[in-house]
Amino acid sequence: MNTSGDPAQIGPEGCRGTMSAEEDARWLRWVTQQFKTIAGEDGEISLQEFKSALHVKESFFAERFFALFDSDRSGTITLQELQEALALLIHGSPMDKLKFLFQVYDIDGSGSIDPDELRTVLQSCLRESAISLPDEKLDQLTLALFESADTDGNGAITFEELRDELQRFPGVMENLTISAASWLMAPAPRPRPHQPRQLTRAYWHNHRSQLFCLAAYAGLHVLLFALAAGAHRHLGASVMVAKGCGQCLNFDCSFIAVLMLRRCLTWLRATWLAQVLPLDQNIQFHQLMGYVVVGLSLVHTVAHIVNFVLQAQAEASPFQFWELLLTTRPGIGWVHGSASPTGVALLLLLLLMFICSSSCIRRSGHFEVFYWTHLSYLLVWLLLIFHGPNFWKWLLVPGILFFLEKAIGLAVSRMAAVCIMEVNLLPSKVTHLLIKRPPFFHYRPGDYLYLNIPAIARYEWHPFTISSAPEQKDTIWLHIRSQGQWTNRLYESFKVSDPLGCGSKRLSRSVTMRKSQRLSKGSRILLENHQFCNIKCYIDGPYGTPTRRIFASEHAVLIGAGIGITPFASILQSIMHRHQKRKHTCPNCQHSWMDGVQDNMKLQKVDFIWINRDQRSFEWFVSLLTKLEMDQAQETQHDRFLELHMYMTSALGKNDMKAIGLQMALDLLANKEKKDSITGLQTRTQPGRPDWSKVFQKVAAEKKGKVQVFFCGSPALAKVLKGHCEKFSFRFFQENF
């Protein structure tokens, strides 16, 4: 029933497996209470109320459950009828539950299931799982399951035949022993991820560089604070606190820029320092320093205010409090007494940047607010030079590096404009851009770049992961999901008839493009909704990411959620290019062998896991994955090192009664056609979310070398995966998403 309220803590937990007698009793008490809440004074539940309580997308199953529970055929369910039905399903044997499943499928109550009834059931299963298949494919699924179950060939499936068919699928029979709560309730919230015990051996192994840097950072602050406070101890406690915080702010406000030197960080990733310094966490450290700067600024300000109050109260003071705080008359500061007003301005600017940097601003379609307010760091540095007499000394080296990098980036990006040659509009509002690759643009798999399209926004630069492999010489691929104002404008601009001036010389360009298209047809995404164009743009990069470590791994597990597949698309293509380059075949005996390790690639096994909510999202890279499967099919079983795993979270899992028939039919047809009905790949798409404990147990059991897990997706899922990696002592690397 309704999963809201305190009883939800009882019901959903029981959904996960066979409940104990005590849990059964508690769950039935909860159901009784829920029934009374829904039924009201008449003590009965109508079909509409039953549908609402079940939270199902497709009404077919609600109607079938209701009809079977309504034993007196009165059109309503009483509490007694509901309790009797649930008691049978909870305490009944697997055979009792199987009989109930058979009655659900036997729509006309004839005692057998004919092909049309089975088709109706499977069609409802598809709708419930948000899977869209053509009628021809639905007919094939129906016939595959029907012909397999109808062993006597009489044109109908009896209860015994359905039982025998289910016994061929052990997982299905196993799920029939699960409590009926899992059939009748909305999916429960997923349990919290395994939380690693802090400072365990595994935790230290995965976080030693971060912990060392945090300790050094904290120690440096203690030292700076103590030295500055001690030098001003004769001026009182408030001045000591203000000076101590000010000295720490000198360091933080200058070093915070170093963490965003993308070119320097990319260069460092290629050195031994990448093994020592937590370069992958530069943004997290930047955010941490931002919090520290705001916190120290507040303490610094409060300490000065306390000092000003004490000074204003002194009889010998010629200045009032507001003059000390807001004017230059007291002469506080090294540049015309400007310390106080510049301090107030700095605090206001920092608070503005802090507020506009929050995730609710950045991820709610207002990225531009974050972007433009963050540019006020230039004004902050200028005010700090006037505010503090020693800040310019701290800023000298980081500032020179910062402005050199900015100048180089601007010069390189504007040296020669590139053009967008082709655009594909993909499902779920994803824009696939094909950009002409400049001759000087050398990148590695998984790298990202900054893109500026003057026709969209003249001054805005946005980072996007490169989804093409470096071995692809002519074009650069970007897959951009519409999640903000700029990305939405980009997508919408190509939906019009002549976007961004694509109409000029369209036929000439089409002829040229089609020629190049025929030359590289196997490696291109060809969709109906695509356009040829010649739109000027600028790129800045490339910049490195944690995924550069993949080729130094022995067993890599790549996990992408939704559009988080983009860095792995580049990596998978590059892996196959390198694998084919290492492989040789004798022209006489056709014996094949592999060269020794080249290109620093130590990979022995790659597991690629892609999780999507809906079916159409798989279309983004289905052609690439098909090609990878074809390349792997040419290898012997021993030489196949790439394994694909697809998950569709909107599809009902195999422990859901409404999905049992559909999953059986999909399995049968996949075995017959040697491809998945949902994606067209050889790899079977699994319904629901992965069971990460089982996934990592299987990875650990393969013993293909040290396991490193690379993830790109939502922060919530990152926490779950990180917890499991701690449990199995796997290294975990997260791409910022």
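Heads up, the Cβ atoms here are built off N, Cα and C, so glycines get one too.
Predicted automatically and left uncurated, TrEMBL annotations should be read as such.
These figures come from a predicted structure and were not determined experimentally.
Copied from TrEMBL, the annotated features are:
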DOMAIN    57-92  domain 'EF-hand'
DOMAIN    93-128  domain 'EF-hand'
DOMAIN    137-172  domain 'EF-hand'
DOMAIN    413-549  domain 'FAD-binding FR-type'
TRANSMEM  211-231  transmembrane segment
TRANSMEM  237-261  transmembrane segment
TRANSMEM  288-312  transmembrane segment
TRANSMEM  332-357  transmembrane segment
TRANSMEM  369-387  transmembrane segment
TRANSMEM  556-576  transmembrane segment
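Relative to the transmembrane segment (332-357), the listed stretch 288-312 leads the set 211-231, 288-312, 556-576 in CB pairs under 8 A. When Cβ-Cβ distances below 8 Å are used as the criterion, the transmembrane segment (237-261) is approached by residues 220-221, 224-231, 282-283, 285-286, 289-290, 292-293, 296-297, 299-300, 303-304, 306-307, 310, 377, 380-381, 384, 388, 390-391, 394-395, 398-399, 401-402, 405 of the same chain, each at least six residues removed from its ends. Sequence-distant neighbours of the domain 'EF-hand' (137-172) (same chain, 6+ residues past either end, Cβ-Cβ under 8 Å): 95, 98-99, 101-102, 105, 111-115, 118-119, 122-123, 126, 654, 660-669, 672, 677.
In the predicted model, the domain 'EF-hand' (57-92) has a mean pLDDT of 79.
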